[in-house]
Amino acid sequence: MQGNQAVVDYMNELLSGELAARDQYFIHSRLYSEWGYTKLFERLNHEMEEETTHAEDFIRRILMLGGTPKMARAELNIGTDVVSCLKADLQTEYEVRDALKKGIKLCEEAQDYVSRDLMVAQLKDTEEDHAHWLEQQLRLIELIGEGNYYQSQL
């Protein structure tokens, strides 16, 4: 099936973002493991797996539309401590959210409702799961302090 080229090109941009998010979560999860924060490791490892699924969904759709997936990832923003890792991941999720909203609009204009629905599902996951959880963690750090937060993540 030949898809709208603008949609395919934009999905490749989204794929690049998902690959970067996956790799960033991978590195951050391993940092958490190294630092002894088991709960943070487990959560970020789970997020990495979800980002891999998001990337796979885009790859399958790009192929279905007759395109070639571009596997180059966007730049990573690697933190140096728990707070900077959480903030970097939240910024990445905000960027993904904004890109998905733009992609949804493009798909509607191109009348590609299947690609649109894929992006809507990923937007829901980004806003209601990933970004929300990261916002909660940063809010907890503000409320209970870094030391208490770190202790809760062992």
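Using N, Cα and C of the backbone, Cβ positions are placed for all residues, glycine too.
Taken straight from Swiss-Prot:
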- Glu18, Glu51, His54, Glu127: Fe cation 1 binding site (BINDING)
- Glu51, Glu93, Glu127, His130: Fe cation 2 binding site (BINDING)
- 1-145: domain 'Ferritin-like diiron' (DOMAIN)
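A separation of roughly 10 Å, to the nearest angstrom, links the Cα atoms of His130 (Fe cation 2 binding site) and Glu51 (Fe cation 1 binding site). The Cα of Glu93 (Fe cation 2 binding site) lies closest to that of Glu127, out of the binding-site residues Glu51, His54, Glu127. Each of the binding-site residues Glu18, Glu93, Glu127 was scored by other CB atoms within 10 A of its CB, and the lowest score goes to Glu127.
Residue counts of the domain 'Ferritin-like diiron' (1-145) by helix, strand and coil are 119 helix, 0 strand, 26 coil (DSSP-based). Excluding Glu18, Glu51, His54, Glu127, which define the Fe cation 1 site, the same chain contributes Gly17, Ala21, Glu50, Ala55, Glu93, Val96, Gln122, Asp125, Thr126, His130 within 8 Å (Cβ to the Cβ centroid), listed in sequence order. Within 8 Å of the centroid defined by the CB atoms of Glu51, Glu93, Glu127, His130, the record's Fe cation 2 site, lie the Cβ atoms of Ala21, Glu47, Thr92, Val96, Arg97, Asp125, Thr126, Asp129, Ala131, Leu134, excluding the listed residues themselves.
In sequence order, Glu18, Ala21, Gln122, Asp125 constitute the residues six or more apart from His54 (Fe cation 1 binding site) in its chain with CB-CB distances below 8 Å. His130 (Fe cation 2 binding site) is surrounded by 23 other CB atoms, counting those within 10 A of its CB over all protein chains shown.
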